[in-house]
Amino acid sequence: MSTLVADTVSKRFGGVTALSNVSLELREGEIHGLIGPNGSGKTTLLNLLTGYYQVDEGDIRLDGESLARSPVQQRPRVGVARTFQKPRLLGSLSVLDNAMLGGWCETRAGFLETALALPRARREERALRDRAEELLHGVGLGYAIHRRASLLDHAEQRFLEIARGLVMRARFILLDEPAGGLTEGEIEHLASIVTALRDAGIGVLLVEHHTDFVFSVCDRVTTLNLGRMIKHATPAEVRSDPEVIRVYLGA
Amino acid sequence: MTTSSLPRLGTLAVGGILAVTLPFWVGDFYQLHLAALIGVYWVLISGLNLVVGYTGQLSIGHVGLLSIGSYAFAILVGRYGVDPLLTLALAGGLGGLCGFLLGLPSLRLPGFYFAMATMAFALIMAELSLAQGDLTGGGAGLPVPGFAAPFDTPTGFYWLVLLVAALITWMTWNVARLMWGRGLIALRDSEVAAAAVGVPIFRLKLTVFTFSGVTAGIGGALFASLQSYITPETFVFELGLFFFVCIIIGGRGSILGPFVGTVVLTALPEMVAPLAKLGNFFYGLLLLAVVLVVPEGIGHVIKSVMARLQKKGPEPKGLQPDIGRLAAAVRRGMRQDIQRGHAS
Amino acid sequence: MLTVLVSGLAIGALYAATGLAYNIMFSTSKVLSVTTGHICMLGGVFGAYFMLDLGLPAPVALVGAVLVGAAFGLLTEVIAIRRVLARSDEHLWLLSTLALATMVQQAVGLWWGTEPRPFPRLADQDFTAGVLDQKYWLPIAAVVAMALGLEFFYRRTMYGKVFQAVSEDAFAARARGIATDRTRALSFAIAGALGGLAGFAAGQLTFAFFALGLTLTLYGFIALAVGGLGSNVGALVGGVALGLFQTLATYLFGGEYQQTIAVGLLMVVLLVKPEGLFGSKKVRPV
């Protein structure tokens, strides 16, 4: 089985320890929730897994191979995609172009090949366009394919980021607060999408505040507080853990 | 980056025919000369457009690369009798090499630093062309030979310029509409998004900058031949600024906008005498007005007006995921993935 | 040889002054204005205009040049910075200040002429003083006064502290009720006044020349980048180093490669120490 692992990682910023000795194993075909109060280190852990930060101690491994020193740009090549709390899209391009950008790593056509529109460049373009269109219809953005991305509303932007990650053929997709700012109906869509991704064999990490959503879709949940892991178990167990209730869920 | 439609192809065809037949219907040789000058400028600007308009790297010193192409042409053809067409290619290669060497250190620098580095490069080139008198004729300058038949007449030269310009425009259009264009715009608008999808930031910047060096070198060779005499004064820093302004005014992320900008800004001062006297003041004023009023450039304004005219009714809304389609597409992607072997 | 050193110091002082002007504006706005060199150019040109064409006495001309510089600094902020910063696109201020710089340079060229014109003597002194000539020590004295004045301003005055608060964290300063817009405008006016002063003081060295602005924008920036963006000590050291380096190189190899040498110095420093000699790593380059 394929896994993306954070192995006893620590991260400090100046004198502040953001994470200390945290481990997390994300498996393919599984939805893994990551919850905790603000400042507990959730996004820091996600940034370590995706290479935006480098670990101070510990290791990041994909299928046993260390990624701890490989740069951000390497992640798409090995099938690790992410989304952002504040979606990072190219507003001046169409929805389709944004999704197709996810396919950057698998296009092989160089600059001259592209400039001269040689067969390989055109072939790759067609194949990528087809897949991006399918996936956009799949996540529910089929009606907006040729719209400028800057005209999308918040939920649409989030779904477009997921589609971009899927165009990348991600084996693992790490979602940073995907339910933030979504309506109930949109969260239902999101739930059906992440479930479908899991069933197709993708490993999904949900960094989330919306606990109902997390507990209803996740297979396993990790809870952080003040940079330490306080519980790692099934949703039902986490939900009834006294420590988790005390620091995060409340009575 | 959208598929070409019939009206667009029609416009392109009409424009093409007008451009090719231009020598037969313009009034005099002066206007033909002006048309050739616009074409020569455009050869450089269309390459620079990938750097400035698409990648967002504010190079204000491309006149330095232009001068390299010009001097290379004047010296190789004039002094050593090398074949002009061969030299045209050599000038492009030399321009590309110099662009590469300039970009290698400077493209790592942040915005203002990069702009200053390109400006310094332009000033250095001016200084060197003055200092290396044995090679460049110093302040007195160099005469520049023309091309061989059939490009030795004004009409023939115009067609040569047109051919080169069309070829380079086609190349930049391909780059812009295919995968590279998306990568370049990602560098301009969000380096975070670019990194997230694995775009190698520096390599892309350096590649398009090198390409812009090639077009500047070729443009420089044509420019020198058109001018027929070059001195360091021909390559004042303000000329580099002019190229830059054409693109910003025309609009970032567009090819047509900067082209219109080039045509208008080259022709206008020739047609309206008071503007010629104001010179750079006029370009500065235009640039300031565009930046303050329509920072996306005039091309963008036209585009959005057109879009508004074409828009019919409200756009459909409402996310409606198609889970079956999604799962099928994801599974298909994963299968292909395994077949290719993911480690590549 | 001594003349070489002193003239290097003098021209270096002008670069340092330009670097200081950059810093003053950068601290409150995080903008590096292309017009910075043009401020000094205006000080020189208007100083010469007031004295030669209008026949005003030197002290009045000095005040006039400082006022012109301050007005131009303020104008830069109002026209090219304020609206652009509100829109927060990182490239736009470069374009707007570049546009304004181009306009000013061309306007001065049309009005004043494109030939350098000599700047009148300020103090009674004949031309045999050698290294003690006023054209050397005036710019040096001006930049020393500028640096000391700025140090006093930042350390001892209320406004100076406001400047520093805005410089460190404009957002927090605004939250504490500081009018950051007005502070920024004031900083541009101050930079303009000091730039005008420096341009005036160095007038005999540079002549009153419309194209000086762009050159100074580049050299002042090199001084700043070498010394470290945001550091006033860095600007002084960088400016003097560049001035000495240039004059020495000119003395040894002839004057044909001034720009090449200046940029070479910048490149070496940026490769070895990207944040500059005195820059802090925390200051994120623009």
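Positions of Cβ are set from backbone N, Cα and C atoms, glycine also.
What TrEMBL records for C:6-24 (among others) is transmembrane segment.
Annotated transmembrane segment per TrEMBL: C:31-52 (among others), in sequence order. Below 8 angstroms of C-beta separation, residues 14, 17-18, 21-22, 25, 58, 60-62, 64-66, 68-69, 72-73, 76, 80-81, 85, 93-94, 97-98, 100-101, 104-105, 108, 112, 117-120, 191-192, 195-200, 202-203, 206-210, 212-221, 229, 286 of the same chain, each at least six residues beyond the ends of the transmembrane segment (C:31-52), sit close to that stretch.
Listed as Cβ neighbours of the transmembrane segment (C:58-80) (distance under 8 Å, sequence separation of 6 or more from its ends, same chain) are residues 25, 29, 33, 35, 38-40, 42-44, 46-47, 50-51, 93, 96-97, 99-100, 104, 120, 122, 184-185, 188-197, 199-200. Annotation source TrEMBL lists transmembrane segment at C:58-80 (among others).
Beyond the ends of the transmembrane segment (C:92-112), by six or more residues, the same chain brings 31-35, 37-38, 41-42, 45, 49, 72, 75-76, 79-81, 84-85, 208, 210-211, 213-214, 217 to within a C-beta distance below 8 angstroms of the stretch. If you look up TrEMBL, you'll see C:92-112 (among others) marked as transmembrane segment.
Listed by sequence, the residues of this chain that lie at least six past the ends of the transmembrane segment (C:136-154) yet keep a Cβ under 8 A from its Cβ atoms are 6-7, 9-11, 13-14, 16-17, 20, 24, 122, 160-161, 163-164, 194, 197-198, 200-202, 204-205, 232, 236, 239. As annotated by TrEMBL, transmembrane segment applies to C:136-154 (among others).
Nonlocal intrachain contacts for the transmembrane segment (C:185-202), taken as residues 6+ away from its ends with a CB within less than 8 angstroms of a stretch CB, comprise 10-11, 13-14, 17-18, 20-22, 24-25, 27-29, 36, 39-47, 61-62, 65-74, 76-78, 81-82, 138-139, 141-143, 146, 150, 159, 163, 212. Among the features that TrEMBL reports, transmembrane segment is placed at C:185-202 (among others).
TrEMBL lists C:208-226 (among others) with the feature transmembrane segment. Long-range Cβ contacts of the transmembrane segment (C:208-226) within its own chain (Cβ-Cβ under 8 Å, at least 6 residues beyond either end) map to 12, 14-19, 21-23, 32, 34-42, 44-45, 47-49, 101, 104-105, 108-109, 112-119, 199, 234-235, 237-239, 241-242, 259, 262-263, 265-266, 269-270, 276-277.
If you look up TrEMBL, you'll see C:233-254 (among others) marked as transmembrane segment.
Look at TrEMBL and you will find C:260-278 (among others) tagged as transmembrane segment.
Note on the transmembrane segment (C:6-24): residues 32-33, 36-37, 39-40, 131, 135-137, 139-140, 142-144, 146-147, 150, 187, 190-192, 194-195, 197-199, 202, 205-206, 216-217, 219-224, 227, 229-232, 234-236, 238-248 of its chain, located 6 or more positions outside it, place their CB under 8 angstroms from a CB of the stretch. Residues 218-219, 222, 224-229, 231, 233-234, 237-238, 241-242, 245-246, 249, 285 of the same chain sit 6 or more residues outside the transmembrane segment (C:260-278) yet have a Cβ under 8 Å from a Cβ within it.
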